[in-house]
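> Take a look at this one; I'll ask things after.
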Amino acid sequence: MISLAVFPSDFLRSTRSVFLCGDSNLDLTSSVEQCRSRTRDLRTPRRKRDRIPCLNAVGDKFLQVESFSRDEAFSTWNSHCRPLCVVSFVPSQSSVVFSDLSLQAALSRPASACLLCLRVSRVSTFLFRFSAMAKLSSAPRVLVLSAEDSVVSAADASKKDTVLTVLHPDTIIENAADAPSVLYDGVLILDAGKSRENATGNSQGKSAEFAAARSALQAFAQAVCRLVAAGGFVFLAGGSGEREEVHRLVKRLLIYEGLVSAQDSEVAAFVADHLPRVDSSLMWTGRKPTWAAGVADALSGNRGALPNGTAQTDGDDFIDESTLIDPTESYQPLGKDRSSCASRPKACPNCTCGRKEAEEAAEKEERRRKLETGEIRSSCGNCYLGDAFRCAGCPYRGMPAFKPGEKVSLEATSVEAPGGGMQKQVATVMSNKVQITDLGDDM
């Protein structure tokens, strides 16, 4: 006989009801009676119809998949309670397969429901193994989402201690507003449920239905991401036709929610340990990052660092500039002094020593002299017409127009030049009874 003492106290306090099913060779009557009394002590129903029953499902018929949904007792129990745990005691020689979701109606109500299936050969062995259930919170949890008949072996679902939960995809969308009480290490998506209807490209003509379907599918992806623990996996099963198109859309939405592609080695190890009997091919596997979106990372460094733009200097770091020049070495001086043009045949274009101004003054004086003595004559014959008709080097530039053959008289007076202490002539020209004064402009 199985004793209720193997149930940890904290396990019963967190469990609203326990459903025990097993082979006919196991006597569960006493355990069920103890479970009834303990459950009533832990949770007193407010009304009679809220009483949480714990039924004794003894016999091979309860090991058949088709017997669960048609059994009247199971339907009554399912309509009055919200189980958080379903424990199945299975002898080692039995083979139990929960295909379809016979327990779907019972497990779909709370998002934290779990299905535990243990193999035991004797009651004593069971008592020894069930002591490990006190560490239920640390056991890996796997959630399977499917709306159609799918072969999922609950008895052989894991080689290690794994809590396997099978839920309908629409259930997590209905409970999306509630905060998840349990986070899963892995979520296997076999089907997207009703949210996949009208979500493909064939329904884009109906804008209202298409938008509603895409919104439902986005809510489904958000609910899946909330149920996955940090570092957990999301397995997206492959398909064909419309299902494949929907799963590709789900993959894109899951990536939008923050999932990243998982490495093949990590996926193979997780599937081999916790989902060895999954026949569906995996189209894509995502992993939830361990970091949260929008969270600033703490930088490791000196907290007493100076703000940007502030340099921490020390007096010993200053260098005397005079020590950088060796007086014994000869350096090529940069720039030119006032006597630098003396060695050149012509003054520099940007001369600052005054040589250029002196040469220009001497050149003007030479032109005046040649003009007065008649050494220079017009080569073009247009000098008398004015500056508009004179050449660039015409000595008459700056003078008014005059008649051909008219004599032009120049009176020279000495004036001090503006730079270098040199003298420059200022000529006063009388022409047609008009006095013109040249103040050093080019002629």
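If you go along the chain as it appears here, the first residue is 1 and each next one adds 1.
Cβ atoms here come from the backbone N, Cα and C positions, even for glycine.
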> Quick test of your reading of Swiss-Prot: among 111-114, 131-134, 291-294, 391-394, where does it put motif 'Cx2C motif 2'?
391-394
> Can you tell which of CYS341, CYS380 Swiss-Prot lists as binding [2Fe-2S] cluster with CYS348, CYS351, CYS353?
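Given CYS348, CYS351, CYS353 bind [2Fe-2S] cluster in Swiss-Prot, the matching entry from CYS341, CYS380 is CYS341.
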> What are the non-local neighbours of CYS341 ([2Fe-2S] cluster binding site), defined as same-chain residues 6+ apart in sequence with CB under 8 A from its CB?
ALA347, CYS348, CYS351, CYS353, ARG355, LYS356
> Just to verify: the residue among CYS351, CYS353, CYS380, CYS391, CYS394 with the fewest other Cβ atoms within 10 Å, which of the binding-site residues is it?
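Each of the binding-site residues CYS351, CYS353, CYS380, CYS391, CYS394 was scored; lowest Cβ tally within 10 Å is CYS380.
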> Compile a sequence-ordered list of residues in the same chain as CYS383 ([4Fe-4S] cluster binding site), six or more apart from it, whose Cβ lies below 8 A from its Cβ; state 'none' when nothing qualifies.
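In sequence order, PHE389, ARG390, CYS394, TYR396 meet the Cβ cut-off.
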> Find the average pLDDT over the region 'Fe-S binding site A' (341-353) in the predicted model and report it.
79
> DSSP says what for the motif 'Cx2C motif 2' (391-394): how many helix, strand, coil residues?
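In the motif 'Cx2C motif 2' (391-394), the DSSP-based counts are 0 helix, 0 strand, 4 coil.
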> Of the residues in the region 'Fe-S binding site A' (341-353), how many are helix, strand and coil by DSSP?
3 helix, 0 strand, 10 coil
